[in-house]
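Quick one: the structure is below, questions incoming.
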Amino acid sequence: MFLKFCLWTMFFFSAWSPIGHAKYSSLLEVVTPLRVTVTRGNNISPGWLSYSLNIGGQRHIITMKPKKNLISRNFLLFTYSDQGDLLEQHHFVQNDCYYHGYVDEDLESPVIVNTCFGSLQGTLEINGTSYEIMPKSSTSTFEHLVYKMDSGDSESSPMRCGLSEEETAQQTKLQESNAPTLLQIPYENWWTHHRFIEYFVVLDHKQYVHRNNNITTCIQDMLQIVNGVNGYYLQIDTDVVLTTLEVWNEKNYINVELSIFKVLGDFCTWKQNMFGNRIRHDIIHLLVRQGYGLYLGLAYLADVCTPYNCGVSSVLSDVMSDMAHIVAHEMGHNFGMKHDGIGCTCGLKDCLMAPYKTNSPKFSNCSYEEMYSVVTKRSCLYDIPEALVTNLTVCGNKVVEEGEQCDCGNSESCLQDPCCSSDCVLKPGAQCAFGLCCKNCQFLKAGTVCRKEKNECDLPEWCNGTSAECPGDVYKADGIPCSGEGYCYKMECHQRDEQCRKIFGNGSRSADEICYMEMNRQGDRFGNCGNDSSTYRTCQIADVLCGQIQCENVIQLPQRRNHETVHYTHFSNITCWTMDYHFGITIDDIGAVSDGTAYAPDHICVDRKCVSKSVLVSNCSPQLYHMQGICNNKQHCHCGVTWKPPDCQKRGHGGSIDSGPPPLPLSHSKWIVYILIVLDVCIVIIIYLFSFYKLSK
């Protein structure tokens, strides 16, 4: 019990108020970055980029160079098979499109952007004000949107650590006495040593689903986050290198819906049981798409390079700069940085390690001093991640690794396995050991459905007959009509009637338009078009059907969660029912009209606004598939049952280049049966006639 108590006291409650969760106070303007030539003296600096931007009526030049050491050369990606087997990959990742720089030759004004998709996306700071830049959709002139990032009154609800200074000192003493890797560095030289953080990240299942079940998108997200984190850690001469990423693509392997304090402990225990010291890492973080009330993150204090080098971050925002700030703050705790208090300064109003969420990019003098007390005693921080090695490839650990066909575990388990032998190769006659297209150690025949469509906006996938893996999950492209007047959006056919039924049960339906007009123009918790963390936004008339869902014909109130409140109001003999949404709640607002819900002909709701369906940019058009199919979410043609991909121009059996080959149409099978029957009849007749001829002769 004492040991358990000690372990629990070895963390720092890095709890933040969600006040200041990254948002945009207003659209500053539309800008068109102009590429300019960079010179240093008389020579053009290789790899550097410069763009001219006109922001707020002033011309600024941002100068950037590629960020090196963003991802290790031997980057490891872990995913899971549908049967729960851990799969290891050495994944190639594009990492030459991430940049760091500055504005107008001011080295104190950071620029953190990426150009991976041919445009600028990231953050920059001008005269102490932070801005987010992102590409404008549907533009052919390289237009970008520039927003001012506003954190509001971030001190209005500060959350601070509950540990006393004496308890913190005891923890630090205990950590140092148990530290396995110590390296004393003379004080005068410590800052000249460049440090590397080998960063291991785990993404939970909700985040994977939120990113459309796309592993590549998850990797791209993490690179943007790590690029942002590196922008903060440049000032302390530290490279944060993404060495390992695990995606819980099948399910969560711990319960992330408990308190954040329990989740942190469970995650660290899971990490030690799952990997131990087999995967080298200095810090490991779990990023979850889960709200924890007022808390955005939690991490153990000063435990970098120890078995308790863990942290948890709630990533409910899709703004990568916001997520990077949360991760950087939690990583600071792993480095030994406490929350800033009186006397801590960085030249700005707030610093990065403030107890509440800010947009500050700078560490305080206190953070520097606290970090020094840790980094001088951690030799692991001076290892170069490019030399990363892993000894995880061990036959018999039930993990299918590179070079293995299967892994059935110990000898006893392998005796019961019909497909896999104890030396991690397939048994004679076996084609496979796992996978949605594997049955009885054999590949399922081509055309066997391995993933049925979940709903009318989904698409099926079929086995190809030569692989145990089912093709990746694809679905109908956003904007395709569904259920009469609806449109498919992110694999769902969003409709107000259906949303009302999900909230209030069968029989309920979307209310009369007067409910939307009266309620959503009030701008309160029961009727609004979103909020700015301090005030609710009143819906414009054109957007009222995209605000809070308003329902009628509610027969029986279903049991809701504790933080949810049902509200009803009468207008013109109509009872309008809706759900409220409180400030400080970090889960999705279930009472908001779902993105993708149809508004009017060729219009949908997106982010509480009525927008043209044309915002759903697609490179796939009816002309591309010759009017004989539909587009999928990868912008490829999914052909009808009698047409052949990729362009549905020739006769075939349907499907797409992403779905696998569909089965032979039943009509074709019937024709084959008919032909065989006719042939059999003909053979019988010929034999009969031949026999009759011989007898008559």
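Glycine too: its Cβ is placed from the backbone N, Cα and C atoms.
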Where does Swiss-Prot put N-linked glycosylation site, among Asn531, Asn619?
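Annotation hit in Swiss-Prot: Asn531.
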Quick test of reading the record: Swiss-Prot lists a disulfide for Cys450. Which of Cys420, Cys424, Cys470 is on the other end?
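In Swiss-Prot, Cys450 forms its recorded disulfide with Cys470.
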Cys620 pairs with which of Cys610, Cys631 in a disulfide, per Swiss-Prot?
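According to Swiss-Prot, the disulfide partner of Cys620 among Cys610, Cys631 is Cys631.
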Would you mind checking which of Cys346, Cys366 shares a disulfide with Cys344 in Swiss-Prot?
Cys366
Using Swiss-Prot as the reference, determine which range in 159-166, 311-318, 591-598 is annotated motif 'Cysteine switch'.
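Residues 159-166 are the ones Swiss-Prot records as motif 'Cysteine switch'.
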Of the binding-site residues His329, His333, His339, which one sits closest to Cys450 (disulfide bond) when you measure Cα to Cα?
His329
Would you mind ranking the disulfide-bonded residues Cys346, Cys620 by how many other Cβ atoms sit within 10 Å of each Cβ and giving me the lowest?
Cys620
Run through the domain 'EGF-like' (616-649) and tell me, per DSSP, how many residues are helix, strand and coil.
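So the domain 'EGF-like' (616-649) is made up of 0 helix, 9 strand, 25 coil.
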When neighbour density is defined as the number of other C-beta atoms within 10 angstroms of a residue's C-beta, which of the disulfide-bonded residues Cys380, Cys648 has the lowest density?
Cys380
Just to be sure I understand: of Cys305, Asn365, Cys366, which recorded positions have a C-alpha no more than 10 angstroms from the C-alpha of His339 (Zn(2+) binding site)?
Cys366
Between Cys366 (disulfide bond) and Cys648 (disulfide bond), how far is it from one CA atom to the other, in Å?
65
What average pLDDT is reported by the model for the topological domain 'Extracellular' (188-671)?
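Within the topological domain 'Extracellular' (188-671), the model's average pLDDT equals 85.
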